[in-house]
Amino acid sequence: MEAMNWWLSFPLHDSLNQDLAIRRFCPERVEQEHGSDESLMEEAMINDFELFSPSPHTSSNHHLATSEVDELIDSFINIDDDRNDDNKSPDEHQDFNQDDMEMEVFSMLEGDDELLMEMRGSSEEDLAGSTEILPPSVNIEQVSSTHGVDQGLHLVHLLLACAEAVGCRDTQLADSILGQVCASSSPWGDSLQRVAYCFATGLKSRLSLLQNVNPNGLFTNGGMDVSLITREEKMEAFQLVYQTTPYVAFGFMAANEAISQAAQGKDSLHIIDLGMEHALQWPSLIRTLASRPEGPPKIRITGLIMEQNLSELGASMKGLIEDAKSQGVSLEFDMVSEPLTPSLLTREKLNLREGEALFVNGIMHLHKYVKESRGSLKVILQAIKKLGPTLLTVVEQDANHNGPFFLGRFLESLHYYSAIFDSLEASLPRNSPQRLKMERIHFAEEIRNIVAYEGSDRIERHERADQWRRQLGRAGFHVMGLKCMSQARMLLSVYGCDGYTLSLEKGCLLLGWKDRPIMLASAWQVNNINH
């Protein structure tokens, strides 16, 4: 844990020049310096598939010196984080005391050595008992030993050096370094080893794609590294994230509170759920609306579905309709299986009715329409505005994973997911099968998409809260300050794990781990509209 805390202690400043980081270590970028920065950025934004194209300027002997990596990491240490907690009022910030909680729990369990060992993490015997599932390349002593700062620093050095070689398309060097990363990382190790394993998998996928492109930069047959994870496995992993961490539940809670507050005095609600894949969000909202002093409203939910297999979702909503009926709530559900486009977001296609208050719900979905040019998201938001919704809810990962240059994106995502894996380390035993499923299926798939893919195949284009404010503001929305801090605090207390933090920032509610933002929740209204 010491190595992970060391890594997480480096503040990642929003204004970090990612392009400079790449040009600093990549000879190819240096050779492009005689062109303007503006033309370089424009080129990358127009067609980021060019990063896959072979380069005649790339040196096969290029190597990233350890001193250069040290200098890059030192730059993280020396940059002051602009998120200063001293300026936050008690109502805007909540931090749970981990030491006090651990002392209380361990004092209660004193004498129960077996349970204490389980709560403090898996022992060497636990890991030794799992040797039959360890791949041959994993050294048992590496997995079971505690990584110090030196080992953690070495592993981060290897990851950055490998990413730099991949970014410069030096596949021979990247393959060599990747072998060392794989030997030092493990899905069964400490949090730093586990997150390194996931990033190594992403780098391996990107190398596979690099080796299967033609001279035009397009994938040849068999070049796409298709995931073998089934939809059922993804859904199971997502539900585990929902049940065992506050990250998803936080978004549901904040969006539902915003909807219920804006629905006061309204008798009929129509909720458009963008990219609906499950019904997990809605039981809580129905219970809240059923208990309104003025009586429950009629509710209609239209799910815009991306998947073709709708039977499971239909069955879940059928059960929800029956449950709502038992609470005196009339609930109607419709599904629309079409891609989210401006042509779909019309009153006719969505069957909007007079007298209904319209709510548009976006839970970790709108980032999939963010491109470097931002044109795709802009037209989606403008189409939503034309519908005249009472409220638009936006819940997203608060991270900068959409830079046009690979190395900068890699650095940002490594910081972000290191924090998430650290939070899982603090709340679940080392040998927890639930933790393994969440990391290997849910989070690793996000990491792989960010690290390996480009163009339309890269959909995990997370952005920071200030970017969402800018984009929504330009589209004609203004933020409606959330009033659910007390509910958020209660939610975090349920998980019984210290380290989670809450803050309000310009109308957005942020959930973080050790003050590093992870999720943002917000609610938006159309400018100059009276309800």
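Here the Cβ of each residue, glycine as well, is placed from N, Cα and C on the backbone.
Where the annotation comes from TrEMBL, it is an automatic prediction and has not been curated.
What TrEMBL annotates here:
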COMPBIAS  85-96  compositional bias 'Basic and acidic residues'
REGION    79-98  region 'Disordered'
REGION    238-303  region 'VHIID'
REGION    358-449  region 'PFYRE'
REGION    452-525  region 'SAW'
MOTIF     160-164  motif 'LxCxE motif'
MOTIF     269-273  motif 'VHIID'
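Outside the motif 'VHIID' (269-273), and at least 6 residues removed from its termini, the chain residues within Cβ reach (under 8 Å) are 259, 263, 281, 289, 297-304, 350, 352-353, 356-361, 363, 387, 389. Mapped onto DSSP classes, the region 'PFYRE' (358-449) shows 55 helix, 14 strand, 23 coil. Under DSSP, residues within the region 'VHIID' (238-303) fall into helix, strand and coil as 33 helix, 12 strand, 21 coil. Residues belonging to the region 'SAW' (452-525) score a mean pLDDT of 94 in the model. Sorting each residue of the region 'SAW' (452-525) by its DSSP state yields 25 helix, 26 strand, 23 coil. Within the motif 'LxCxE motif' (160-164), the DSSP-based counts of helix, strand and coil residues read 5 helix, 0 strand, 0 coil.
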